[in-house]
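Straight from TrEMBL, the features:
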ACT_SITE  Glu116  active site, nucleophile
ACT_SITE  Glu120  active site, proton donor
DOMAIN    27-230  domain 'GH16'
CARBOHYD  Asn124  N-linked glycosylation site
SIGNAL    1-19  signal peptide
Amino acid sequence: MAMHLSSWILLLLTACVFTCTCISNAATDNAAPSGSFSFKDNFDLTGAEDHFSTSPDGQVWYLSLDKKAGCGFQTRDRYRFGWFSMKLKLVGGDSAGVVTAYYMCSDLGAAPDRDELDFEFLGNRTGEPYTIQTNVYKGGVGNREMRHQLWFDPTEDFHTYSILWNNHQIGFFVDRVPIRVYKNNGKPNNFFPSDKPMYMLSSIWNADDWATRGGLEKTNWTHAPFVSSYKDFNADGCKWEDPYPKCVSTTGENWWDQYEAWALTDSQQEDSKWVWRNLVIYDYCKDYERFPKLPEECNL
């Protein structure tokens, strides 16, 4: 039986006696420089342009979805390694079937050999918790999904969602708390995307054939338009310049490329353990029915 959102949050807060301290400490670990990018100088629109709007000062961006169309945006620049973050407030109310995606991708047209790092926020019926799905693609192959629930309601306020990407790990962070780490240290991970520079993108779209309860819950279009909100995009990374940038490999010049960023700090590891105990609802590395022989990186 699904748990109502208020009960879910109360349960997590009760279970989080020591973790609250860990979470506050995590905000100071591997701190990235602050700074936002203006939309008009750094992004191009995708999809229906009339479904995009901004606040009067241009600092908050809105993507909307209705039965006719959705909308998205993408950076004009590509990056290879770095720290990439944005604050999002997700669609509130009855959002079943609606997916808000915030991700990195090596190609703009979903090329068959693309590399990709995904946050996907899967909508739900009113009062039920959101699900976050993360995924990793290499050479056009994905199937590396994990799903989490959150310790807060992501529709009530803005929260920061970040990706740390270097040659040693890919970290998915929510408010600086690591919810997933995909490693390439120790034994080599042959399914680790590191060669191709990537754009940052976001979009809102209808996925009611799979997004909510495996497609059983369909989008209720009487609640449209569905609106997701964005602000404070930050890209502290290596901007790709053909034929290749100077930081194409490890140099140690940037904090996200230094030894301390090759693995989680002690406090981040405590946060990660708490996430695993309380928030993980699906891990492909534990899905033996889907993968009778687990992908190689699951043994790392």
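Glycine is treated like the rest: Cβ placed from N, Cα and C.
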Residues that sit under 8 angstroms from Glu116 (active site, nucleophile) by C-beta distance, when 6+ apart in the chain: Tyr103, Met104, Cys105, Ser106, Asn135, Val136, Tyr137, Gly142, Pro193, Met198
Neighbourhood of Asn124 (N-linked glycosylation site), C-beta criterion under 8 angstroms, separation at least six: Ser95, Ala96, Tyr130, Thr131, Thr212, Glu217
Mean of the pLDDT scores, which run from 0 to 100, over the domain 'GH16' (27-230): 92
Neighbour tally for Glu120 (active site, proton donor), based on other Cβ positions within 10 Å of its Cβ: 19
